[in-house]
Amino acid sequence: MRVDIVSLFPEFVAQVAGHGVVGRAGERGLLSIHGWNPRDYAQGNYRRVDDKTFGGGPGMVMMIEPLQACLSAVRAAEPTPAPVVYLTPQGKPLTQPKVRELAALPRMILLCGRYEGIDERFVEAEIDEEISIGDYVLSGGELAAAVLIDAVARLQEGALNDAESAAQDSFEDGLLDCPHYTHPASHALGEVPAVLRSGDHGAIARWRRQQALLRTWQRRPELMAGREWSKEDRKLLKELGIPLE
Ligand code: ADE
């Protein structure tokens, strides 16, 4: 997958992409990241990319022209079609199904805003999707873009060493993950649950599923609302005393 980042700080996002799973995905040729700075496409001695907001008020707004010129260069660099995704607190909340959808594309173009945002005319004309990574305000879209790149990179085929681990993640099934333990089995902080040491794979899978249900119920009950439950899940929920709707 190819990711193009349009940002006033493209090297900042590229930095994040140099480490861990994302870095390895790059080394394995599964992901390539290309940074683009609208300032390089701005006119005049000052290479201005922002201006005051019409109607008055604090903050600066990113101007249409440098963004348009920059985006044209991004498109001209490579013919593969790609949606333009704008990272903004006004966007739709990022979810694992959305990550999966984007991860399956051959390319995406990420646009990071700074200041008060981007001239709305550019957003209406050029942006395919607006995505938020949560109900809080960052000082720019760069960290949000880094989050999205990380989530998408680890889903590229061959990016993770243990092929199973992505499928078993939190949210892949719409539930939180179960607890995990490692050696030593016995420690001053407590014991590893006996079932995990039993070697009974069926019992272990049932326990893990039940723990995932319990955690989701305790921490994020809204994730469970309106769901269709399998017969097995119904049984596990009943054992926990969690009422079915
Ligand atoms: N830019 C600033 N805040 C953001 C957020 N919460 N999500 C995505 N982009 C942002």
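Each Cβ is built from the backbone N, Cα and C atoms, and glycine gets one as well.
Worth saying up front: this structure is predicted, and the values here are computed from it rather than measured.
The Cβ of LEU138 (S-adenosyl-L-methionine binding site) lies under 8 Å from the Cβ of PRO89, ALA144, each on the same chain and at least six residues away in sequence. The S-adenosyl-L-methionine binding site annotation in TrEMBL covers GLY113, ILE133, GLY134, ASP135, TYR136, VAL137, LEU138.
Under the heading domain 'tRNA methyltransferase TRMD/TRM10-type', TrEMBL lists 1-224.
Among the binding-site residues ILE133, GLY134, ASP135, the ones whose Cβ sits under 6 Å from an atom of ligand 1 are, in sequence order, ILE133, GLY134.
Under a cutoff of 8 A between CB atoms, and with a sequence separation of 6+ in the same chain, the neighbours of ILE133 (S-adenosyl-L-methionine binding site) are LEU87, PRO93, LEU94, LEU143, ALA144, VAL147, LEU148. Cβ neighbours of VAL137 (S-adenosyl-L-methionine binding site) (same chain, under 8 Å, six or more residues apart in sequence): PRO89.
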